[in-house]
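A.B. asks: Have a look at the structure that comes next, please.
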Amino acid sequence: MENFKHLPEPFRIRVIEPVKRTTRAYREEAIIKSGMNPFLLDSEDVFIDLLTDSGTGAVTQSMQAAMMRGDEAYSGSRSYYALAESVKNIFGYQYTIPTHQGRGAEQIYIPVLIKKREQEKGLDRSKMVAFSNYFFDTTQGHSQINGCTVRNVYIKEAFDTGVRYDFKGNFDLEGLERGIEEVGPNNVPYIVATITSNSAGGQPVSLANLKAMYSIAKKYDIPVVMDSARFAENAYFIKQREAEYKDWTIEQITRETYKYADMLAMSAKKDAMVPMGGLLCVKDDSLFDVYTECRTLCVVQEGFPTYGGLEGGAMERLAVGLYDGMNLDWLAYRIAQVQYLVDGLEEIGVVCQQAGGHAAFVDAGKLLPHIPADQFPAQALACELYKVAGIRAVEIGSFLLGRDPKTGKQLPCPAELLRLTIPRATYTQTHMDFIIEAFKHVKENAANIKGLTFTYEPKVLRHFTAKLKEV
């Protein structure tokens, strides 16, 4: 099989979900009713759902079987200890708090780290800034509602869709240290390393870059949180592209990666393959006070610290999913599926970011150059794609990035991208071919696609619930 151009899916499909086909007229009415926002479409009106890979894919038979072991005790569940043991074995982190999903972890750790910096280092809340290679939208949102400005420090290659670079998710290390010096180290409550960098196109971060970033953080005594949603995909790219680690296993690379952070926050709905679940973990006793305070907040916001909003069966499933998501054959297939879609789109003249781990990212700015950034070209493209083929995708651009919370002005976005997110073990190569064909039709009508303007704009995380209309 090593010499075959394309390998089939490395799994057998045992359960299927029927989907309905709709007419163009039906879809046009549905997208207008949604306020030109695919987030607000009903799932039954979607033919191929590429909105997200978060909790939308299939689970393995071992994960499903593990649910039968669930201990639903309110306190001290043995299912919690099974999950905590998986975390120790995989990441080397001693303290585990389960949460209902990634943002559950964020709403706990962010205020705790800000408070710690304020008490121990005299942080000035009016000047505080957190840094990342690129903040995920909810991490940015939770930071901002806690009064913390966020600053993304990424390399110049990150958003240039015309450039191929092995690790486009890397930190701009000089920019990071310069930024810390500018705002004052004591005013930096945390650094977030996002692996892979979702907003840059699912692009990986090298181990060398993570090591250097962590060295800078230790120099200024700033805690590092690893945003770990796609930890296994990042490890796979390291194995493929960082020569020093080509003979390492995914498990070995993962363990090494997590030496270069102090905490991890995870939406387990991605690489751990579960429909619902998250993690907040602390590496060792150096931040035991943070762990203790986070446990206290967990009780109020998520649930008792040994279940954190998850049933026992869900914790058992997650304990297994963390391992299953690191399977090398599975990762090779998943990355190849994304590459196949990107290659097919580029063959028909649709410019994409280089293939990342979980999605194809179409450069909407280049496909729709007549639509200015403040009329959201990638959102307009998402609506057109749905009208043409019933495919739901998501904007990663100015619409998502939002406004400066202090000035109210639209934040400048480095690229206007449309993310075609591939749920795990859900769609076949035939689906990828259909998506490519749909873009042929979209491309033919590109000049007639109109920009969008708000009819309703929430103040925080607007892209989830905003409504728009054509200009």
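Positions of Cβ are set from backbone N, Cα and C atoms, glycine also.
Reproduced below are the annotations present in Swiss-Prot:
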MOD_RES   Lys5  N6-acetyllysine
MOD_RES   Lys115  N6-acetyllysine
MOD_RES   Lys156  N6-acetyllysine
MOD_RES   Lys270  N6-(pyridoxal phosphate)lysine
MOD_RES   Lys450  N6-acetyllysine
A.B. asks: Of all the modified residues given, namely Lys5, Lys115, Lys450, which is spatially nearest to Lys270 (N6-(pyridoxal phosphate)lysine) at the Cα level?
C.D. replies: Lys5
A.B. asks: Where the distance is taken from Cα to Cα, which of the modified residues Lys5, Lys156, Lys450 turns out closest to Lys115 (N6-acetyllysine)?
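C.D. replies: It is Lys156, whose Cα lies nearest.
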A.B. asks: Using a 10 Å radius around its CB, how many other CB atoms surround Lys450 (N6-acetyllysine)?
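C.D. replies: A count of 16.
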A.B. asks: How many neighbouring Cβ atoms, not counting its own, are there within 10 Å of the Cβ of Lys5 (N6-acetyllysine)?
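C.D. replies: There are 4 such Cβ atoms around Lys5 (N6-acetyllysine).
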A.B. asks: If you count the other Cβ atoms within 10 Å of each Cβ, which of the modified residues Lys156, Lys270 comes out on top?
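C.D. replies: In terms of Cβ crowding, the pick is Lys270.
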A.B. asks: Fill in the CA-CA distance, Lys450 (N6-acetyllysine) to Lys156 (N6-acetyllysine), as an integer in Å.
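C.D. replies: If we compare the Cα positions of Lys450 (N6-acetyllysine) and Lys156 (N6-acetyllysine), the gap is 30 Å.
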A.B. asks: According to DSSP, does Lys115 (N6-acetyllysine) fall in a helix, a strand, or coil?
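C.D. replies: Note: Lys115 (N6-acetyllysine) is helical by DSSP.
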A.B. asks: Just the number: how many Å between the Cα atoms of Lys5 (N6-acetyllysine) and Lys156 (N6-acetyllysine)?
C.D. replies: 33
A.B. asks: With every protein chain in view, what's the tally of Cβ atoms within 10 Å of the Cβ of Lys115 (N6-acetyllysine), excluding that atom itself?
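C.D. replies: Its Cβ shell of radius 10 Å holds 15 other Cβ atoms.
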A.B. asks: For Lys5 (N6-acetyllysine), just give me the three-state DSSP call.
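C.D. replies: Lys5 (N6-acetyllysine) sits in coil per DSSP, no helix or strand.
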